[in-house]
Amino acid sequence: MERYLLNVLHSSLHIKQFKQIHGLIVTNYPALTPFFVQGLLRLSIIVYARQVFDRIPQPSKILYNSLISTYSKLSLYKEALDAFVLMHDSGARVVCSTIPPVMKSCTSLLAGELANEIHSLVVKYGFSSDVFVQTPLMDFYAKIGDIDSAKKVFDEIFVKDPICYNCLISGYSKSGDVVAAQQLFDEMSERTVVSWNSMISCYANNGHYREGLRMFERMQVERFRPNEISVATVLSICAKLRDLEMGLRVKKFIDENNLCINMIVSTALLEMYVKCGAVDDARQEFEHMDRRDVVAWSAMIAGYAQNGRPSEALELFERMKSKQIKPNDVALVSVLSACSQLGSLEAGERIGNYVESQGFVFNVYVASALLDMYSKCGNISKARQIFNHMPQKDVVSWNSMIVGLAANGFAKEAINLFEKMKEIRVKPNDITFVGILTACTHAGLLELGLRIFRSMKSDHEITPTIEHYACVVDLFCRSGKLKDAHEFICRMEVEPNVVIWGTLLSASRIHSNLELAEFSVKKLLELEPENSGNYILLSNIYASAGRWEESLTVRNLMTTNRVQKTSAYSWIEMDNKVHKFLVGDTSHPGSNDVYRIVDGLAMQSTWVGYNFESALEFSWCS
């Protein structure tokens, strides 16, 4: 009967059958209890196994080891460590096979004190040369950033296998020591595909993207077959470099070598296309995916939002919800950005209500995007409400609120918020100063704006960028100090761009300063000779001054240089949908009705003596 029960315990049993056998063992065969526990552990019936285990007077080291290993396998790391402490306190001798699952638990829980005690036991029992014991110890030290201890453990191993090398390479990668990782990789006598992947990831994680690509190419030269992790990592590098050509080469490699295109690879491909601006290719990859998780949906929505296609981002977001896939914070931030781009308050409020109903408003990133959307759509009171109720605010939240207040004409409130931000010791960044300088510009606070600009470097150690210089130029121009603006531009530490010269040109038109206008246009034509707006603005300035010949010369210059006026779109939101119109465009399904109404308005204007053609001509000029 005992032999029969032992055979049964090694088979797959239902919990009811275990209970029946348990009753038989308790009444007649108590010596089989450890084997009964082993049978439960083998099938991961951990709670029942622990109940029976606790009734055994002196469990063996083998049984302890099985219990600890099962806890670790089921990611019950705290229970695994508790069982190990119980084992050690009971006097049961620790064996080699106990250390790996215990160290895995220490690593997952970052249990440093216990890990050090286990390391002492490893030395005490003479396990220091065992690669299977030392590798998890080394992994622990590498993950907590103690790379020196990890290296010491590595050096103690007599016979080193690729796994321990890979572990230390990952440690060097995390600590940012790419040179040491490469040296270790080069001294390996035997490499696996994981070794190559570790080295490629090391370069990628530390910003050495070109070296990562060269490592991928070297991997193929040395006849190691890349796997799905290899190509996913390389595609991520291509995305960061915006290198579409290399990304397409990797895609070709995948197709030619029949690599498994799983969801990880497909998502990496999708993100590569998105970051490189090939949004339609990304959508094609998205539609071909057999299965899509929330990461894939979010990547595609973000791709549309980041590439200036907000309508498609909104459409895909609604489709995602219809598939009963709950959006994550990335998807929500992206779709809120799309609403901001469209200026669509209706769509923004609809998504805002969804965000609040699902509790995402407590996520600092989503809340910041939400208040940014309300600000850009003109609902500053709602933006303030979101900001005031945020349980946590980071610098992005403060920036969004300051910029929103400044852009909506609440300059003093933006300045007060900036002062409050400094009071509670939230460190401002470069975007903060763009917002506060914009506020000073709108309020005409020249001296305050200049003082804040100078404080960037002296008080906050922030080097002004072209955006900050543009704000100061605008501040001078709005105050009517064009000469000071020009002198400031000439003293700039960075090369002036089209925004700065365009700002000076517009101000020169307002104040009829032909000298500065001509100078600004000359600079603008050097930087962007195909921008029709520069020609038109100078032509209008000449026309306003009665210098018709110069005005006509500029118009003729446009024709000679084959510069065409950029078409302007009109937008209107109706029934939760944004409609876009272009003059002469017939692609909109309601274009016939639109033109019929416009023609009717033109006729009515003619009847009441309004010069419709003159109005259109003036519109073209301005």
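Just so you know, glycine gets a Cβ as well, placed from its N, Cα and C.
Here is what TrEMBL says about this protein:
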type: REPEAT; residues: 60-94; note: repeat 'PPR'
type: REPEAT; residues: 161-191; note: repeat 'PPR'
type: REPEAT; residues: 192-226; note: repeat 'PPR'
type: REPEAT; residues: 293-327; note: repeat 'PPR'
type: REPEAT; residues: 363-393; note: repeat 'PPR'
type: REPEAT; residues: 394-428; note: repeat 'PPR'
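Same-chain residues lying 6+ beyond the ends of the repeat 'PPR' (394-428) with a Cβ under 8 Å from its Cβ atoms: 364-365, 367-369, 371-372, 374-376, 378, 380, 383-384, 387, 434-436, 438-440, 442-443, 445, 448, 460, 462. DSSP assignment over the repeat 'PPR' (363-393) gives 22 helix, 0 strand, 9 coil. Long-range neighbours of the repeat 'PPR' (161-191) within the same chain, counting only residues 6 or more positions beyond its ends whose Cβ lies under 8 Å from a Cβ of the stretch, are 131, 134-135, 138-139, 141-143, 145, 147, 150-151, 154, 198-199, 201-203, 205-206, 208, 211, 224. On the 0 to 100 pLDDT scale, the model's mean across the repeat 'PPR' (192-226) is 95.
According to DSSP, the secondary structure content of the repeat 'PPR' (394-428) in residues is 26 helix, 0 strand, 9 coil.
In the repeat 'PPR' (293-327), helix, strand and coil residues by DSSP number 26 helix, 0 strand, 9 coil.
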